[in-house]
Amino acid sequence: MSPYAMSMLMSSLAMGTTITLSSSHWFLAWMGLEINTLAIIPLMTKMHHPRATESATKYFLTQATASALLLFSAAMNAWMTGEWTIVDMNSYIPTTMLTIALAIKLGIAPFHPWLPDVLQGLDMMTCLILSTWQKLAPMALLILTSHQLNTSLLTLMALASAIIGGWGALNQTQMRKIMAYSSIAHLGWMTLVISFAPGLALLNLTIYLMMTSSMFVMLMALNATNMNKLSISWLKTPTLAASMMTGLLSLGGLPPLSGFLPKWLILQEMTKHHLGALSAVMALSALLSLFFYLRLSYMISMTSPPNISNANLAWRKKNNLSLINPILIVLSTMLMPITPMLLM
């Protein structure tokens with residue numbers, strides 16, 4: 001793809017998200033979401049492969065459905081209340097439709113089936129954008145309207161997302177599908193706490209973005225798209241493989257890594273609201289996710305594939321990692337000591 005076209009598409013992505021984040025009117029928020037969708041579709045189809053075309057088509061149809069539902073809910077709310085502002089969603093039917101529309105856009109269960117299939121047909125860089133940047137605008141709208149949404153519906157979707165996100169990745173061997181189910185599970189934790197403490201949901205989103213970004217950057221550096229390629233990474237780049245193992249454990253939520261921080265705080269918040277049974281089910285669902293993260297960590301660090309070479313270390317290519325990768329690795333694994341500062 002031409003650098004000029006790439007710069008225009010990336011600028012459109014940034015502009016669409018900025019418009020949505022800075023808008024107080026539903027029409028402007030919808031327009032920003034549409035700019036986002038239309039800007040990422042050429043990035044999806046740049047590989048000229050049938051799988052990429054299929055992914056772009058699925059993504060477009062899903063996002064168009066969600067956008068139409070969102071605009072319809074905003075128009076119905078304006079018809080019932082006379083207000084187009086984002087914070088004035090007071091009627092039951094429009095808020096329910098809005099919740100479903102944003103869940104479709106984010107890939108929250110039970111509206112999740114499009115996400116693993118779409119990510120599987122894309123290259124790693126587009127997967128990174130889809131898993132991180134494209135979550136910002138819908139999640140911002142969800143946080144802005146969280147005090148008006150149906151808490152029971154959000155809780156059911158959060159529970160389904162955490163269970164399906166852990167369960168769905170158990171039999172996967174493709175790294176992009178595993179990261180998609182990981183995204184679904186993390187979105188479940190954010191959706192669970194968003195009605196009770198939107199600040200915690202924002203903290204969870206920030207840590208999720210850092211962990212997922214570092215993971216995709218490392219997968220791009222290792223050129224690992226499935227578990228078999230991941231298993232030989234230790235021979236090529238031991239340092240990067242160790243960093244990836246730590247990042248996977250952080251995604252699983254093991255203490256004292258950064259991924260444990262949001263889960264700990266969310267469970268604490270849930271128990272404050274006397275939701276002990278729900279907290280227990282969410283904690284047990286996190287064990288499902290932890291299992292496949294541990295399986296990947298084991299494959300990276302404790303397996304050695306058949307090797308015909310007598311050398312202990314395989315031939316290594318020069319890593320073209322930027323400075324951002326070590327920063328992301330540190331942030332995604334070592335935020336626990338500054339927990340009091342983050343809470344303040």
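Backbone N, Cα and C atoms are what each Cβ position is placed from, and that goes for glycine too.
Taken from TrEMBL, the feature domain 'NADH:quinone oxidoreductase/Mrp antiporter transmembrane' applies to 23-288.
The feature domain 'NADH dehydrogenase subunit 2 C-terminal' is assigned by TrEMBL to 290-343.
TrEMBL lists 26-47 (among others) with the feature transmembrane segment.
The transmembrane segment feature in TrEMBL is assigned to 59-80 (among others).
Listed by sequence, the residues of this chain that lie at least six past the ends of the transmembrane segment (92-115) yet keep a Cβ under 8 A from its Cβ atoms are 33, 58-59, 62-63, 65-67, 69-70, 72-74, 76-77, 80, 135, 138-139, 141-142, 145, 148-150, 153-154, 157-158, 160-161, 163-165, 180, 183-184, 187-188, 191. The transmembrane segment annotation in TrEMBL covers 92-115 (among others).
Among the features that TrEMBL reports, transmembrane segment is placed at 153-171 (among others). Note on the transmembrane segment (153-171): residues 96, 99, 103, 108-110, 112, 116, 177-178, 181-192, 194-195, 278, 281-282, 285-289, 291-292 of its chain, located 6 or more positions outside it, place their CB under 8 angstroms from a CB of the stretch.
With a cut-off of 8 Å between Cβ atoms, the residues of this chain six or more beyond the transmembrane segment (178-197) that come close are 103, 106-109, 112, 115-116, 118-120, 127, 131, 135, 139, 142-143, 146-147, 149, 151, 154-155, 157-166, 168-169, 172, 204-205, 208, 212, 215-216, 251, 262-263, 266, 269-270, 273, 278, 282, 285-286, 289, 292, 296. According to TrEMBL, the feature transmembrane segment maps to 178-197 (among others).
Sequence-distant contacts of the transmembrane segment (203-222), counting only residues of its own chain at least 6 positions beyond either end whose CB sits under 8 Å from a CB of the stretch, comprise 124-125, 127-128, 131-132, 135, 139, 175, 179, 182-183, 186, 189-190, 193, 229-230, 233, 236-237, 240-241, 243-244, 247-248, 250-251, 258-259, 261-262, 265-266, 319-321, 324-325, 328-329, 331-332, 335, 342. The transmembrane segment annotation in TrEMBL covers 203-222 (among others).
Annotated transmembrane segment per TrEMBL: 234-254 (among others), in sequence order.
Feature annotation from TrEMBL assigns transmembrane segment to 274-294 (among others). Note on the transmembrane segment (274-294): residues 155, 158-159, 162-163, 165-167, 169-170, 172, 178, 182, 185, 188-189, 192, 248-249, 251-254, 263, 266-267 of its chain, located 6 or more positions outside it, place their CB under 8 angstroms from a CB of the stretch.
Marked as transmembrane segment by TrEMBL: 323-343 (among others).
Long-range contacts of the transmembrane segment (323-343) within the same chain, counting only residues at least 6 positions beyond its ends with a Cβ under 8 Å from a Cβ of the stretch, are 203, 207, 210-211, 213-215, 217-218, 221, 243, 246-247, 250, 255-261, 265.
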